[in-house]
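Below you'll find the structure, written out as structure tokens, and then a few comments.
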Amino acid sequence: MEHDGTAALGWAARDASGHLSPFSFTRRVQEEDDVTIKVLYCGICHTDLHTIKNEWGNAMYPVVPGHEIVGVVAGVGAGVTRFKAGDTVGVGYFVDSCRACDSCGKGDENYCPTMVITSNGTDYGGATTQGGFSDVMVVRQDYVLRVPASLPPDGAAPLLCAGVTVYSPMVEYGLNAPGKHLGVVGLGGLGHLGVKFGKAFGMKVTVISSSPAKREEALERLGADAFLSSRDGEGMAAAAATMDGIIDTVSAGHPLVPLLSLLKPKGQMVVVGAPAAPLQLPAIAIIDGGKRVAGSGGGSVAECQAMLDFAGEHGIAADVEVVAMGDVNAALGRLERNDVRYRFVIDVAGTLHAAAAPS
């Protein structure tokens, strides 16, 4: 590596329009425990959309988004022992943590209060982090993940965020027991992976959606055992107290009480979708039946590696539409309209430099 860092090319947003265009910048110098990664594919997450449009008020322009990254190791520092050149690896939502707080001590780096996120974060040297809509990453080896050879690299990319977001709470809260009944609310990028993991765990899986048109998709394409329209009052009543657990992946505002009615006594609902408006939760809805509601955000390094290994063993990959970097703005527009089944993934290595070339 050059003494002054590694030249990088990405696509960045410069303002709240969210429009992306080519952006040249410099990655930090590869240190002793760093892995330099040639980016192959990067998924597009709703978080990227929120960030580049400054919908959360924290954008530090220019912003290179992307935190669902699969690539190949191009170089390693002298102290790196876990990876070598040519390995297929992944990088998820964060690239560093303090390693000193209570959460880090417990292996829950994803809850570290000073966690360094992969894009639009601030590293411990004060620099703004730039994400995977770029040709190269430099990441500490402790935050790099090994991607099983059995997984397609494009379909593996969304597992680094969407995959671990559903896998982690399923394992943490015991919603992975064979023979148990799992409800998956929503059939988007998160929900379709919840179905796949649930079936691989040996569970009975029911998809719950406000869109009856998704019935065939849930049952025929994804292999869910049942489909329940949340708009079907009779169907919801018939399914009351039948589910051991529910993963709620919906990011639009929606009532929780009808979903809680589906749980058996002492059932567990885990919320991983994040609606902008507060969710309404009357106390009696959880007191009656001793039901529990929890939240979950992403997953730790160990959980993410376990998820990738499990996915590799069971052939679980995201259903993706691969797009060229030159089409990324159109893809972001479609994502905003929920016009994707189920995740967009950018072919970074194959299209980034061509898209940036003068026409």
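Each residue, glycine too, has its Cβ placed from N, Cα and C.
Predicted, not measured: the structure shown is a model, and the values here were computed from it.
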Report task. Let me know which member of CYS161, CYS304 Swiss-Prot also records as binding Zn(2+) 1 at the site of CYS45, HIS67, GLU68. Result -> CYS161
Requested in this report: Pull out the binding-site residues from the set HIS67, GLU68, CYS98, CYS101, CYS104, CYS161 whose C-alpha sits within 10 Å of the C-alpha of LEU190 (NADP(+) binding site).
Outcome: CYS161
Query raised in the report: If you measure CYS104 (Zn(2+) 2 binding site) to GLY298 (NADP(+) binding site) at Cα, how many Å is it?
Result: 14
Report task. Enumerate the residues of the same chain, CYS45, HIS67, GLU68, CYS161 excluded, that satisfy the criterion Cβ within 8 A of the mean position of the Cβ atoms of the recorded Zn(2+) 1 site; list them in sequence order. Result -> CYS42, GLY43, ILE44, THR47, ASP48, GLY66, ILE69, GLY92, TYR93, THR118, ALA157, PRO158, LEU160, ALA162
Query raised in the report: Cβ within 8 Å of the Zn(2+) 2 site's Cβ centroid: which residues qualify beyond CYS98, CYS101, CYS104, CYS112?
Result: SER97, ARG99, ALA100, ASP102, SER103, GLY105, GLU109, PRO113, THR114, MET115
Query raised in the report: Which residues does HIS67 (Zn(2+) 1 binding site) neighbour through Cβ under 8 Å, counting only same-chain ones at least six apart?
Result: CYS45, THR47, ASP48, VAL91, GLY92, TYR93, PHE94, ILE117, THR118, SER119, GLY131, GLY132, LEU160, CYS161
**Report entry** Nearest of the binding-site residues (GLU68, CYS98, CYS101, CYS112) to GLY273 (NADP(+) binding site), judged by Cα-Cα distance
**Finding:** GLU68
